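What Swiss-Prot says about this protein:
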type: BINDING; residues: Cys374, Cys377, His392, His396; note: Zn(2+) binding site
type: COILED; residues: 137-301; note: coiled coil
type: MOD_RES; residues: Ser397; note: phosphoserine
type: REGION; residues: 314-341; note: region 'Disordered'
type: REGION; residues: 323-333; note: region 'Interaction with LGALS8'
type: REGION; residues: 347-398; note: region 'Interaction with MYO6'
type: MOTIF; residues: 133-136; note: motif 'CLIR'
type: MOTIF; residues: 203-206; note: motif 'LIR-like'
type: ZN_FING; residues: 371-396; note: zinc finger
Amino acid sequence: MEKTIEDPPTSAVLLDHCHFSQVIFNSVEKFYIPGGDVTCRYTFTQNFIPRQKDWIGIFRVGWKTVREYYTFMWVTLPIDLNNKSAKQQEVQFKAYYLPKDDEYYQFCYVDQDGVVRGASIPFQFRPENEEDILVVTTQGEVEEIEQHNKELCKENQELKDSCVSLQKQNSDMQAELQKKQEELETLQSINKKLELKVKEQKDYWETEQLEHLKKENGHLFLSLTEQRKDQKKLEQTVEEMKQNETTAMKKQQELMDENFDLSRRLSEKKMIYNALQREKERLEGENDLLKRENSRLLSYMGLDFNSLPYQVPTSDEGGAGQNPGLVYGNPYSGIQESSSPSQLSIKKCPICKADDICDHTLEQQQMQALCLNCPICDKIFPATEKQIFEDHVFCHSL
């Protein structure tokens with residue numbers, strides 16, 4: 001029999017409460033050679049009855065409870081306990097499960113209640129040596145063996161007396177058992193009658209309960225059909241809501257994209273507007289400077305600004321003739337209209353008598369007015385490259 005994974009039944013029974021003499025171990029060696037299987041032989045006493053969960057364990061000498069076993073094997077139950085050969089039993093421990101040290105161990109027979117019923121003499125697991133082969137027995141050892149033999153004989157007599165007492169107890173228990181069996185048979189007969197009555201009552205109850213369950217099942221089936229219809233309608237409604245939600249999300253995303261694009265374009269327009277506003281303010285400042293310089297020169301020459309034929313029209317008079325696509329009007333319209341040679345009046349300087357003072361001043365004003373300066377990097381563009389100037393300003397906003 002191989003060792004099983006199932007743990008044997010144990011208990012916390014102490015040594016004083018065990019009956020070591022009910023199972024006797026035979027042919028136990030003083031030591032066993034490691035690496036080999038060990039056969040354990042034992043004999044049941046006359047009044048001992050083995051049970052299915054009895055087991056034999058190998059314990060280290062000095063153990064206190066049966067839970068301290070090193071390994072164990074289940075006991076094989078004999079077929080006929082009355083047969084003499086059935087009293088002689090043996091189990092074989094495989095070498096793999098045996099201890100590997102040289103401590104002292106012993107076999108112990110433990111019943112299914114966790115009570116020790118027999119124990120062997122101590123033995124070791126170690127190789128054979130010359131001291132074990134040559135045995136010298138002294139007179140003292142012989143006397144000790146004889147004394148031990150006498151003690152065993154005395155214990156044997158006590159066991160016989162105990163056996164007689166146990167046999168008497170067994171007879172009494174057999175009579176009691178017979179009485180209990182008769183009572184058990186009576187109770188079993190009553191129990192069968194009750195079981196039959198219960199079965200009849202149960203069949204009647206089950207039939208009635210089955211009819212009730214059938215009716216209830218019909219009602220539940222109708223209710224389930226209606227619920228499935230409602231569920232189908234709800235699923236259709238949910239699907240429509242999902243489609244509407246998807247459409248709304250797409251529309252929202254389109255609006256967000258459009259809003260983002262408009263925001264970006266607005267930001268670009270704002271930057272262009274700010275740049276043109278700064279350019280307008282700069283041109284207005286330059287225009288004011290040029291007007292003051294022109295007035296100063298005209299007063300220096302003894303002329304009146306209002307009497308000049310190339311006066312720059314005011315915003316009220318020239319607004320209608322300007323390009324409607326320009327935000328601030330064309331700042332060069334007055335200069336272009338007054339740049340005709342026929343309208344220019346050449347004056348001589350009253351001090352140095354120079355006759356090119358107006359042409360020289362007018363040329364400087366025309367050069368300054370015909371240039372476009374970037375309000376961000378101050379780069380200068382000719383007035384003819386207005387589209388390039390606007391693209392350049394727009395690039396600063398990217």
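Backbone N, Cα and C atoms are what each Cβ position is placed from, and that goes for glycine too.
Keep in mind the model is a prediction, meaning the values are calculated, not measured.
Shown on the structure are the features that Swiss-Prot records.
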| residue | record | contacts (Cβ under 8 Å, 6+ apart) |
| --- | --- | --- |
| Cys374 | Zn(2+) binding site | Ile380, Phe381, Phe389, His392, Val393, His396 |
| Cys377 | Zn(2+) binding site | His396 |
| Ser397 | phosphoserine | Ser267, Glu268, Met271, Ile272 |
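In the three-state DSSP reading, His396 (Zn(2+) binding site) counts as helix. All protein chains considered, the CB of His392 (Zn(2+) binding site) has 17 other CB atoms within 10 Å.
Broken down with DSSP, the motif 'LIR-like' (203-206) shows 4 helix, 0 strand, 0 coil. Annotated Zn(2+) site Cys374, Cys377, His392, His396; additional same-chain residues within 8 Å of its Cβ mean position, judged by their own Cβ, are Pro375, Ile376, Lys379, Val393, Cys395. Every protein chain shown contributes to the tally, and the Cβ of His396 (Zn(2+) binding site) ends up with 13 other Cβ atoms within 10 Å. Note on the coiled coil (137-301): mean pLDDT across this stretch is 89. According to its DSSP assignment, Cys374 (Zn(2+) binding site) is coil.
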